[in-house]
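Novice: Got these off Swiss-Prot a minute ago, pasting:
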BINDING   Met41, Ala190  substrate binding site
BINDING   Arg117, Ser163  ATP binding site
Amino acid sequence: MQSIYLAKIREQNPLIHNITNIVAANFSANGLLALGASPLMSANVEEMQEVPKISQALVINIGTLIGKDREAMLQAGKTANEVGIPVVLDPVGVGATSYRRETVRQLLAEVKFTLIRGNAGELAAIAGEAWQAKGVDAGKGEVDLKAVAEKVAQRYGCTALISGAVDIVSDGTQTATIHNGTPLFPKVTASGCLLSAVCAAFLAVSEGNYFSATLEACVAYTIAGERAAQSLTTQVGQFQIRLLDELAALSPETIRQRGRINE
């Protein structure tokens, strides 16, 4: 595929505001730095009318909802909408508890999201489809995942990304599948959360071309995973470090040569 946005990230160094979970914060911040973006990891509700105004994109990740997180997410999302920056929702484990479901319901009702990214179980839950999720893991189900992505995108007027062995990107009118990646991704906690942050960096420099930016973000990230996993089998610790190295080493030429997409 043609790489449009990676070079822009390195040139512009966009500031990405992350309200993320305690498991993912360090990995997401380092991943953004490796890619060429700048992370800002603030969840203090008292700052949420200011921080989005100096940022180029916002990530809302519900992985470990504690204290005033929901209030902070709602305020940050509304401020981001006011200033017109892209907003990414990562609805971690949305189907696991009633509190998570209600949090996501309220977020979707009060904040306009640019991208909703999650695993199959999370996006199926948002679409109202039957799915046997396992906590925050994807679980199993029989639904047509392309149809799920399209349904979520159409319902919320956004781009939807279902990540898994095959990644699916849809904006409700166009849908693509990505066939890069590695089985080691699910072995490293927060690898999906980092993907959401990476998507935000690409969206930040996309000038409104959200489908193509999400597509390139996912291709770039999964190629980095492929390259990091070379010669590794069960060495998940080495994979995590190598993934950061490969994000830093990514080039537009690598994306063009290695991207495997069906549109």
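Glycine is treated like the rest: Cβ placed from N, Cα and C.
So where do these features actually land, and what's packed around them?
Specialist: In sequence order, Asn18, Thr20, Ala25, Ser28, Ala29 are the residues near Met41 (substrate binding site), counting only same-chain partners six or more apart with C-beta under 8 A.
Sequence-distant neighbours of Ser163 (ATP binding site) (same chain, 6+ apart, CB under 8 A from its CB) are Arg117, Gly118, Asn119, Gly192, Leu195, Cys218.
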Novice: Tell me the coarse DSSP state (helix, strand, coil) of Arg117 (ATP binding site).
Specialist: strand
Novice: Give me the long-range Cβ neighbours of Ala190 (substrate binding site): same chain, 6+ apart, Cβ under 8 Å, in sequence order.
Specialist: Asn21, Val23, Ala24, Phe27, Ser28
